[in-house]
Structure formats: structure tokens, C-alpha cells
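According to TrEMBL, the protein carries these features:
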type    : residues : note
BINDING : 56, 125  : Fe-coproporphyrin III binding site
BINDING : 185, 273 : Fe(2+) binding site
Ligand SMILES: CC1=C(CCC(=O)O)c2cc3nc(cc4[nH]c(cc5[nH]c(cc1n2)c(C)c5CCC(=O)O)c(CCC(=O)O)c4C)C(CCC(=O)O)=C3C
Ligand SMILES: [Fe+2]
């Protein structure tokens with residue numbers, strides 16, 4: 001047995017996205033298998049990807065993060081190889097873990113590109129880890145997932161600088177008064193209610209998102225702001241976290257707000273949910289209503305992001321300090337895909353088909 005701190009690799013684990021038009025359907029089938037997403041919604045999302053030539057930016061952005069992390073590791077003397085695997089598209093985590101095994105890796109850390117608790121943001125990554133290890137069979141490397149890092153000071157700083165840069169792109173007369181609006185991926189309200197260890201009271205995802213928004217707003221010197229949600233995909237009769245970003249832009253316009261800064265607090269990089277749902281849909285909505293619009297950047301491309309990953313790795317590798325500014329707890333660090341606690345981030349049962357025969 002290796003000792004807990006004795007790691008021999010880092011696996012960067014992400015969501016995955018298509019890299020050519022032929023990938024789009026099979027990718028979406030992987031994402032939505034068994035999840036009760038209506039087929040009409042899938043057709044719409046296919047079109048979103050096709051607007052970008054059937055290529056999501058997400059894999060390239062993750063490879064950029066890994067390149068920057070290599071430089072950070074080398075300059076800090078962290079001698080770990082870095083692997084890349086995804087839940088939904090190539091490089092698939094199963095293939096990556098097989099490669100790690102054949103390279104002789106025994107005991108790796110896993111950095112997830114989601115900072116959050118909840119089923120989609122945390123537990124599903126544990127499931128990916130367990131599935132990949134099972135697929136690889138005997139002698140699969142041990143995989144220890146890094147904790148939720150929603151309130152890491154380097155991420156908060158990167159977001160608040162991005163808010164300042166976005167503000168600076170607005171026409172002069174709108175800069176001081178622009179409304180700051182945070183947005184994160186919506187999830188079913190029932191999934192949010194179950195998020196976190198049951199004894200912690202639930203709603204861990206929305207509490208962490210609210211806390212991260214509060215921290216970034218405070219670092220930006222803003223005390224009045226909004227938190228909204230985006231990219232919902234469930235059937236309309238199932239409640240998800242709301243309001244939706246586009247509805248909110250409309251509501252602000254009715255209150256005579258004439259400029260917004262949208263900060264995608266729920267995302268690490270400018271992947272499709274950001275470049276479509278915000279830069280295309282929300283921005284169009286704002287323009288239609290005559291509002292000035294600026295979208296803050298995501299932290300993945302900020303130099304502080306690889307530093308944050310290195311600090312997180314050092315917490316496990318050498319007992320480095322665990323930094324976090326928030327008062328909502330972070331969980332999510334377990335070995336080989338085990339749960340944080342009994343019932344943690346339980347996936348509520350969903351209708352397999354919308355409005356299925358309830359007579
Ligand atoms: C909390 C959360 C995060 C943040 C945490 C994390 O980063 O992990 C996130 C990230 C992302 N979500 C992404 C894409 C999609 N999410 C979908 C569907 C869903 N997301 C959900 C939640 C989340 N999603 C949920 C509850 C569903 C319903 C189906 C289900 O219960 O699983 C669908 C299906 C079609 C549709 O949109 O309806 C797609 C295509 C991409 C990649 C974009 C690209 O390709 O660049 C990324 C980074
Ligand atoms: Fe998603």
C-alpha cells in the first residue's frame with residue numbers, strides 16, 4: 001500500500017464536448033441517457049452546437065488549462081504527470097484510466113472542473129471515477145477526488161477582476177450603475193434539495209453558488225446584485241432553479257435598468273453554455289431591450305487558475321493549507337468514487353418521459 005500523500009499523477013476530469021459535427025448527437029446521447037430530457041430539447045441543443053460548427057470549445061480550453069498547469073507544476077517542482085479524461089466525450093475517463101494503469105500509475109489525485117457540490121457537479125464525477133475503475137478492472141489506480149473549491153480565494157479574485165474588466169467595456173455612462181448579475185447552471189429543484197450530506201440540510205449547490213456570488217460581489221465592491229440560473233433542460237412541468245437569465249434581463253428592463261454585467265459564476269471556462277446561452281441568447285435579449293451588456297470572463301484562462309489547482313494538489317500531497325473564504329462547507333473529496341456520506345447528493349427519481357400517463 002502507498003501512503004495517502006504518495007501521489008504519482010493528477011487526472012483532470014471534465015464534462016467533455018464534441019470536436020466535430022458528427023460527434024454532436026452521440027455526445028448528447030451520452031449526456032442525457034436515462035435523464036428524462038425531452039427529445040425536443042435535444043434538437044434545440046444540437047442546433048446550438050451547430051452554430052459553432054459542431055465543436056464545443058470545452059476540450060481545447062481544458063487542454064489549455066493543462067498546458068498552463070504543466071508550467072506551474074514544473075516551476076513549483078511538482079513532479080506529477082497530468083492526464084485528461086471526460087465524462088461524456090473523448091478522451092473518455094475509462095480510456096484515460098486504462099492508459100494510467102498501463103503507465104504504472106497507482107495512486108492519483110483527481111481535479112474536477114466543477115467547483116460545486118450536488119449530483120451533477122460532484123457525485124456524478126464520483127460515479128465516473130467508480131465506473132472507470134471498474135472498467136479497467138484489477139490493479140486500477142486509486143483515484144482521490146479533490147474537494148469542492150467554490151470559495152477558493154484565487155478563483156474569487158479571478159472572477160472579481162473579470163467583473164472589473166467587463167465593466168470597463170461598457171459605455172462610460174453605464175459603468176458605475178450597471179446591474180451585476182451572477183448566473184450558474186440550473187438544476188432540478190429536487191436535486192438541489194438533496195445536494196450535500198443530509199445532515200447538512202440540503203441545497204448545498206445553490207448555497208455554494210450564492211456564497212461564491214456574495215464573495216465576488218464583495219471583492220468587486222458591489223453590495224446590490226442578483227443571482228439567476230441558466231440552461232435548464234428538463235420538461236416544463238418539473239421545477240428547476242429559477243429565474244432564468246433571459247427572463248431576468250427582461251424583468252430588469254421593466255424596472256428601467258439599462259445596463260447589465262453578467263458573471264458566469266457557475267462555470268470555469270467559456271464553454272458552450274457560456275458562449276451560446278449568455279453571449280448569444282442573453283446578449284441578444286439585452287440588445288433588443290436597448291440595454292448595454294457585458295459578460296465577465298471565466299477563471300479558467302486566468303493565470304491564477306493553475307496556481308489554485310497547484311495549491312489544491314499541495315493540500316493532499318504535502319498537507320498544504322486549505323484556503324476558502326466562504327462559510328458554506330465544501331465536501332466532495334473521497335477515494336475511488338465512494339460517497340461523501342450516506343444519501344449525499346442523491347439523484348431524485350425523475351420521470352423517464354415527460355408527463356407520462358398519469359390518468
Ligand atoms: C450543475 C451543472 C454544471 C456545472 C458543473 C460541471 O461543470 O460539471 C454543468 C456543466 C455543463 N453542462 C454542459 C452541457 C450539457 N448539460 C446538459 C444537461 C444538464 N446539465 C446539468 C447540470 C450541470 N451542467 C443538468 C442537471 C442537466 C440535465 C441532464 C442531467 O441531469 O444530466 C446537457 C444536455 C442538453 C441540455 O442542455 O438540455 C448538455 C449538452 C457542459 C459542456 C458544454 C460544452 O459542450 O461546451 C458543461 C460544462
Ligand atoms: Fe449541463
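Note: Cβ is positioned from N, Cα and C throughout, glycine not excepted.
Positions of TrEMBL features highlighted on the structure.
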residue	record	DSSP class
56	Fe-coproporphyrin III binding site	coil
125	Fe-coproporphyrin III binding site	helix
185	Fe(2+) binding site	strand
273	Fe(2+) binding site	helix
Listed binding-site residues are 56, 125, 273; which sit with C-beta under 6 angstroms of ligand 1? 56, 273
Separation of alpha carbons, residue 125 (Fe-coproporphyrin III binding site) and residue 185 (Fe(2+) binding site) (Å): 16
Least crowded of the binding-site residues 125, 185, 273, counting other Cβ atoms within 10 Å of each Cβ, is 273
